[in-house]
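Chemist: Have a look at the structure that comes next, please.
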Amino acid sequence: MAEIQNGDIAEPPPIYRKESEAESRRKSVFENPLELDDVLVNELGQFGCFQLRNILLVALPIIASAFMSEYIFSAASVPHRCQIPECGENGKDFDYEPEWILNAVPVTDTGFSSCERYRPTGVNGSLDYCPANIFDQQNTVACDGYVYGRDNSVVYDFDLGCQEWLRALAGTLSSVGTLLVLPITGYISDRFGRRMALVISVFNLALFGLIRAFSVNYTMYLVLQLLQTTFGAGTFSSAYIFAAELVGPKYRVITSATSSSMFAVGQVVLGGVAWLVQPWRYMIMALHIPCFLIIIYFWILTESVRWLLAKQKYTEARAVLEKVAKVNNTYISDKSMDALMNPPPPPESASTNTNIIGAIIKSPVLLRRVCTTPIWWITTTFVYYGLSINSTSLSDTIYLNYILTCAVEIPGYVTAVLILDWIGRKATLSGGFFLSACCNIAFAFIPVDMTVFRLVIYLLGKFGISVVMTSMYLFTSELYPTEYRHSLLAFSSMIGRIGSISAPLTPALMEYWRGIPSMMFGAMAVLSGLLVLTQPETLGTKMPDTLAEAEALGKPESMLQKGN
């Protein structure tokens with residue numbers, strides 16, 4: 001129906017119409033074959049209502065993808081001490097700090113021992129009367145059983161007292177699953193479509209998460225943790241593709257930062273639910289049951305047009321493009337549509353150098369980068385996840401600490417977007433590493449009683465590594481030539497999983513000195529910050545297409561300036 005504007009009847013913009021001669025001349029500047037990005041920039045719009053709708057829709061699964069980190073609370077460390085049977089304790093549900101406890105348990109810097117007690121002399125007391133003379137306070141023995149300070153953790157349910165490394169295994173297996181999921185999600189996404197990959201990933205996330213709430217032993221809990229991430233951790237990447245694949249080049253960095261911010265929001269939601277629903281089984285159910293609703297996205301989301309074009313599903317691709325034009329109130333011309341639907345076959349003589357290992361060995365520049373960028377990724381995932389996990393040990397307000405530590409990521413992402421094109425990639429990345437390093441090293445020596453100051457420094461450290469998280473993907477991509485970019489970026493990301501796999505084990509090191517994790521985070525960040533400085537600045541240059549162009553980065557006489 002026509003619209004009335006200023007008293008006149010105006011026809012709405014056509015969705016798919018015959019182009020004029022002027023438009024035909026303008027379209028002739030397109031290169032052959034026509035790229036979807038050209039159509040987005042010149043016709044459909046780089047960021048319109050359709051793209052905004054997609055981002056708002058996929059925000060929910062991105063938020064849900066953060067729920068796989070609930071092991072931080074369900075497998076949280078719980079204060080514990082030895083049972084004292086001589087004083088009437090025959091189970092784990094007794095007063096954690098009775099008046100007589102120091103008669104039976106050695107004193108430590110943080111209170112009293114968690115894993116040792118004084119040797120009994122054979123004389124018994126009671127819960128009301130347990131004097132020191134019934135223990136040999138010159139000798140200690142290991143615990144035979146435990147009394148716990150809280151019951152909202154698998155540590156209590158499955159009696160994991162003094163098995164810190166076993167408890168930390170939950171987080172390590174979660175990170176292992178995120179490594180195993182890469183080929184699974186990639187195959188489903190490329191074979192059956194982005195929409196199918198997203199729905200299957202969310203369903204697995206919800207299903208295995210819900211079943212884990214009914215774990216009868218710790219082995220079952222660990223197996224389900226591994227299965228959930230192995231088959232459900234593709235949720236974030238699948239959702240991100242929907243947000244990014246139909247956005248024009250100008251808005252991709254902002255879209256990436258928005259997606260990362262939604263993940264941070266998911267972590268904040270996780271902390272809030274864990275705070276409100278503290279029994280760990282009910283918390284897991286509260287997080288995962290609503291995720292089943294996202295299955296309806298199979299009928300709501302439109303399949304990625306890039307995937308449809310790549311799979312030569314031109315009828316479906318045409319329908320999506322026409323829908324984008326309608327929602328964005330724009331158009332797509334006959335010529336552009338025909339060019340997208342009928343791409344020319346690749347030249348038979350076209351060949352690419354696929355011997356990537358040989359190219360790396362022959363190029364000292366490329367070899368240095370291949371040895372450098374994975375260290376950035378290891379450090380970033382190690383510090384990022386390590387700070388999130390260790391935040392629960394900052395003080396007794398574990399939920400608030402976690403929420404603040406996750407929320408500070410959002411200004412970190414925004415800051416990276418604002419300064420990447422201002423001060424450059426190297427300054428942003430190395431500055432983020434050095435800021436996080438200084439804060440982590442300083443944190444290790446701040447007295448425990450300076451609670452507020454410790455929290456501020458800790459949050460600044462997380463802010464710094466969040467700036468790195470957003471910048472690292474872009475800078476790494478710009479250092480490698482097109483012919484090897486995807487493979488070497490994937491290699492860096494894969495090696496970077498070492499950091500996320502190691503991070504959950506760091507709380508166990510506090511048993512030896514509470515500052516060990518922070519010093520490790522700081523040392524790794526200093527190393528990576530220095531390694532960033534060994535690479536050329538890529539601001540103001542075009543992304544290199546060939547190895548020669550990549551090797552020329554940073555050389556003034558052969559600088560590849562970006563075109564306008």
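Cβ atoms here come from the backbone N, Cα and C positions, even for glycine.
Not my notes, these are from TrEMBL:
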type: DOMAIN; residues: 117-540; note: domain 'Major facilitator superfamily (MFS) profile'
type: REGION; residues: 1-22; note: region 'Disordered'
type: TRANSMEM; residues: 165-184; note: transmembrane segment
type: TRANSMEM; residues: 196-214; note: transmembrane segment
type: TRANSMEM; residues: 220-242; note: transmembrane segment
type: TRANSMEM; residues: 254-276; note: transmembrane segment
type: TRANSMEM; residues: 282-301; note: transmembrane segment
type: TRANSMEM; residues: 366-387; note: transmembrane segment
type: TRANSMEM; residues: 399-420; note: transmembrane segment
type: TRANSMEM; residues: 427-446; note: transmembrane segment
type: TRANSMEM; residues: 452-475; note: transmembrane segment
type: TRANSMEM; residues: 487-506; note: transmembrane segment
type: TRANSMEM; residues: 512-533; note: transmembrane segment
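Describe each of these features in terms of where it is and what it packs against.
Modeler: With a cut-off of 8 Å between Cβ atoms, the residues of this chain six or more beyond the transmembrane segment (282-301) that come close are 54, 57-58, 60-61, 64, 67, 70, 73-74, 152, 195-196, 198-199, 202-203, 205-206, 209-210, 212-213, 242, 270, 273-274.
Tertiary proximity for the transmembrane segment (366-387) is limited to same-chain residues at least six positions away from its ends with a CB under 8 Å from its CB atoms, namely 171, 175, 359-360, 405, 429, 433, 436, 440, 458, 461-462, 465-466, 468-469, 472, 476, 479-480, 484, 488, 491-493, 495-500, 502-504, 506, 517, 520-521, 524-525, 527-528, 531-532, 534-535, 547, 550-551.
Tertiary proximity for the transmembrane segment (399-420) is limited to same-chain residues at least six positions away from its ends with a CB under 8 Å from its CB atoms, namely 72-73, 253-254, 257, 260-261, 264-265, 267-268, 270-272, 274-275, 387-388, 391-392, 427-428, 432, 455, 458-459, 462-471, 474, 539.
Nonlocal intrachain contacts for the transmembrane segment (452-475), taken as residues 6+ away from its ends with a CB within less than 8 angstroms of a stretch CB, comprise 253, 256-257, 260, 376-377, 380, 383-384, 387-388, 391, 394-395, 401, 404-405, 408-409, 411-413, 415-417, 420, 425-426, 428-429, 431-437, 439-440, 442-443, 446, 489, 521, 525, 532, 535, 538.
Nonlocal intrachain contacts for the transmembrane segment (487-506), taken as residues 6+ away from its ends with a CB within less than 8 angstroms of a stretch CB, comprise 71, 165, 168-172, 174-176, 178-179, 182, 356, 369-370, 373-374, 376-386, 389-390, 473, 476-477, 480, 516-517, 520.
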Chemist: Does the transmembrane segment (165-184) come close to the transmembrane segment (220-242), meaning at least 3 CB pairs under 8 Å for residues 6 or more apart?
Modeler: yes
Chemist: Could you pull out which residues elsewhere in the chain have a CB under 8 Å from any CB of the transmembrane segment (196-214), counting only those six or more residues past its ends?
Modeler: 58, 61, 64-65, 67-68, 70, 185, 188-189, 220-221, 224-225, 227-228, 231-235, 238-239, 242, 281-282, 284-285, 287-289, 291-292, 294-295, 297-298, 301
Chemist: Which sequence positions outside the transmembrane segment (512-533), separated from its termini by at least 6 residues, show Cβ-Cβ distances below 8 Å to it?
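Modeler: Distant Cβ neighbours of the transmembrane segment (512-533) are 372, 375-376, 378-380, 382-383, 386-387, 390, 426, 429-431, 433-434, 436-441, 443-445, 448, 461, 464-465, 475, 506.
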